[in-house]
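Noted in Swiss-Prot for the protein shown:
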type	residues	note
BINDING	ARG12, ILE13, ASP34, ARG79, ASN316	NAD(+) binding site
BINDING	SER150, CYS151, THR152, THR181, THR210, GLY211, ARG233	D-glyceraldehyde 3-phosphate binding site
ACT_SITE	CYS151	active site, nucleophile
SITE	HIS178	site 'Activates thiol group during catalysis'
Amino acid sequence: MAVKVGINGFGRIGRIVLRNAIIHGDIDVVAINDPFIDLEYMVYMFKYDSTHGVFKGSVEIKDGKLVIEGKPIVVYGERDPANIQWGAAGADYVVESTGVFTTQEKAELHLKGGAKKVVISAPSADAPMFVCGVNLDKYDPKYTVVSNASCTTNCLAPLGKVIHDNYTIVEGLMTTVHATTATQKTVDGPSNKDWRGGRGAGANIIPSSTGAAKAVGKVIPSLNGKLTGMAFRVPTPDVSVVDLVVRIEKGASYEEIKETIKKASQTPELKGILNYTDDQVVSTDFTGDSASSTFDAQGGISLNGNFVKLVSWYDNEWGYSARVCDLVSYIAAQDAKA
């Protein structure tokens, strides 16, 4: 039976989670809340997407609801999560994709309106974090709020796990060359907390902070304190790439490491999550790719048997949203068994 889901926040991730839910098949989005978009604009924003193209199915308004492919979706415009009537719409699970309510306490406000569980589509300071293919076995049905971590952590963690399981990571540094996101400025503008982040997104390569590498230590405890990293924001609309440099305990040639990753990508745990390519790829080749991470065999290099650079691509919108759907589906299945 399909999982009944509500989406709070109909921005980039909210809309692409909905597109993925339609493809996913066992997720039924029954409600959307966004106080900043009216229903007509919601239809337009969902149908037309500069990055992922025009939605090919039917999108219309009927009886005050958003109707996609004939399925009605209740639309709310509440600013306070506690006031959203998820229960009345039949939504058991809420995808919290505003980027605002990312703590356990704030996300739990959704429960007041009748939701049973909340999945935050962002890293959280205190909610348990899960990465598909890495630590789903640690999920406990008693959790009411969970985080799907970040798009970059979803790219890095499966790759890091394979390397750590086979060669033991001593320490490492990650750089993500990251596509522009909605929080950036089209031209120079005020950004008090991050001065460089306020510079025009289309005109600059912008160094930025990211907690993605440190967060790997939360989903793989044996890597805690062994990884950190930074980001460069670049003027592309979508698709990012992780550059991971690690020192490994068990020496291996780059060819051996490639073969290990290739084999791991074909296992049931990582199939479709960690992909492998030998092709001469560039970023746009991954637009709309649903994998969390695609290892670029031609992109990496090793200095010696213990020091290696690994490169892995990810569609930071589409791939991440696919994992949000997978996580919702997984926890619903576990909850049903509890």
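Here the Cβ of each residue, glycine as well, is placed from N, Cα and C on the backbone.
Feature annotations (Swiss-Prot) mapped to structure.
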| residue | record | contacts (Cβ under 8 Å, 6+ apart) |
| --- | --- | --- |
| ARG12 | NAD(+) binding site | THR181, ALA182, GLU317 |
| ILE13 | NAD(+) binding site | SER97, SER121, GLU317, TYR320, SER321, VAL324 |
| ASP34 | NAD(+) binding site | ASN8, GLY9, PHE10, GLY14, MET42, VAL75, TYR76, GLY77 |
| ARG79 | NAD(+) binding site | PRO35 |
| SER150 | D-glyceraldehyde 3-phosphate binding site | ALA122, PRO123, THR210, GLY211, ALA212, ALA215, TYR320 |
| THR152 | D-glyceraldehyde 3-phosphate binding site | THR176, HIS178, THR210, ALA212, ALA213, ALA231, SER240, VAL242, TYR314, ASN316 |
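Within the same chain, residues at least six positions away from CYS151 (D-glyceraldehyde 3-phosphate binding site) with a Cβ under 8 Å of its Cβ are SER240, TYR314, ASN316, GLU317, GLY319, TYR320. Across the residues annotated as binding NAD(+) (ARG12, ILE13, ASP34, ARG79, ASN316), the widest Cα-Cα separation comes to 27 Å.
Other than the site residues SER150, CYS151, THR152, THR181, THR210, GLY211, ARG233, same-chain residues with C-beta atoms no more than 8 angstroms from the centre of those residues' C-beta atoms, the D-glyceraldehyde 3-phosphate site, are THR176, HIS178, ALA212, ALA231, SER240, ASN316. Residues listed for D-glyceraldehyde 3-phosphate, SER150, CYS151, THR152, THR181, THR210, GLY211, ARG233, cover a largest CA to CA span of 16 Å.
A coil conformation is recorded for ASP34 (NAD(+) binding site) in the three-state DSSP classification, outside any helix or strand. The candidate set comprises the binding-site residues THR181, THR210, ASN316. Of these, ASN316 has the most other Cβ atoms within 10 Å. The number of other Cβ atoms within 10 Å of the Cβ belonging to HIS178 (site 'Activates thiol group during catalysis'), over all protein chains shown, comes to 23. CYS151 (D-glyceraldehyde 3-phosphate binding site) carries a helical DSSP state (H, G or I). Under 8 Å, Cβ to Cβ, and six or more positions away along its own chain, ARG233 (D-glyceraldehyde 3-phosphate binding site) finds HIS178, ALA179, THR180, THR181, GLN184, GLY197, ALA201, ASN204, ILE205, ILE206, PRO207, SER208.
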